[in-house]
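**Student:** Got these off Swiss-Prot a minute ago, pasting:
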type	residues	note
SIGNAL	1-15	signal peptide
DISULFID	C33-C99	disulfide bond
DISULFID	C49-C144	disulfide bond
BINDING	Y50, G52, G54, D71	Ca(2+) binding site
DISULFID	C51-C67	disulfide bond
DISULFID	C66-C127	disulfide bond
ACT_SITE	H70	active site
DISULFID	C73-C120	disulfide bond
DISULFID	C83-C113	disulfide bond
DISULFID	C106-C118	disulfide bond
ACT_SITE	D121	active site
Amino acid sequence: MKFLVLAALLTAGTAASGVSPTALWQFRGMIQCTIPGSSPYLEFNGYGCYCGLGGSGTPVDELDRCCQTHDQCYTQAKKLSSCSFLVDNPYTNSYSYSCSGTTVTCSSKNKECEAFICDCDRKAAICFSKRPYNKEYKPISKYC
């Protein structure tokens, strides 16, 4: 639920200010690239113990483990001196990437923080595309 509120606020803020999409929306685009026809926020937010904002417990399956790894990657990004908390944090910093077929490529023109975040998102999107989706794990809270 918190993630959906955050997504709604980011959408409103982005639309109102006319700025480029934030990393969350770019992550959505990467998932749609690797899994054409998917609805990432509807399908993955609230899946397992780690997909969505926050996470705890033991991942329920390999797809949930993708989310746990993505969370850990963002934690590492926040430790970089180039990823400041307010401006260049993983949830709001935009980056450049391209999609060709189902292949995502991060731009070599990204700065250090942008490149790190882009790679976190790219690896997670690829991971999602290679793991089965188990409907019984959406939504889930009793195992976390």
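Backbone N, Cα and C atoms are what each Cβ position is placed from, and that goes for glycine too.
Since we're looking at a predicted model, the values are computed, not measured.
Map the listed features onto the structure and describe their local environment.
**Tutor:** Secondary structure at C99 (disulfide bond), taken from DSSP and collapsed to helix, strand or coil, is strand.
Within 10 Å of the Cβ of C144 (disulfide bond) there are 15 other Cβ atoms, across all protein chains.
When secondary structure is read from DSSP and collapsed to three states, G54 (Ca(2+) binding site) falls in the coil class. Neighbours of G54 (Ca(2+) binding site), defined as other CB atoms within 10 A of its CB across all chains, total 10.
The Cβ of C67 (disulfide bond) lies under 8 Å from the Cβ of F44, Y47, G48, Y50, C51, G52, G55, P59, A124, each of these being in the same chain and 6 or more residues away along the sequence.
In the three-state DSSP assignment, the secondary structure recorded for C127 (disulfide bond) is helix. Using a 10 Å radius centred on the Cβ of C127 (disulfide bond) and all shown protein chains, the other Cβ atoms total 17.
Counted within 10 Å of its Cβ, the other Cβ atoms near H70 (active site) come to 22, all protein chains included. Annotation note: H70 (active site) sits in a helical segment as assigned by DSSP.
Its Cβ placed at the centre, C120 (disulfide bond) has 23 other Cβ atoms within 10 Å. In this structure, C120 (disulfide bond) is part of a helix by DSSP.
For the recorded site, C113 (disulfide bond), the DSSP three-state label reads helix.
Long-range Cβ proximity for C106 (disulfide bond), meaning a same-chain Cβ under 8 A and a gap of 6 or more residues, is found for Y95, S96, Y97, A115, C118, D119, R122.
Residue density at D121 (active site): 26 other Cβ atoms are found within 10 A of its Cβ, drawing on all protein chains shown.
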**Student:** Where among the recorded positions Y50, G52, C66, C99, C113 do you find the Cβ with the fewest other Cβ atoms within 10 Å?
**Tutor:** C99
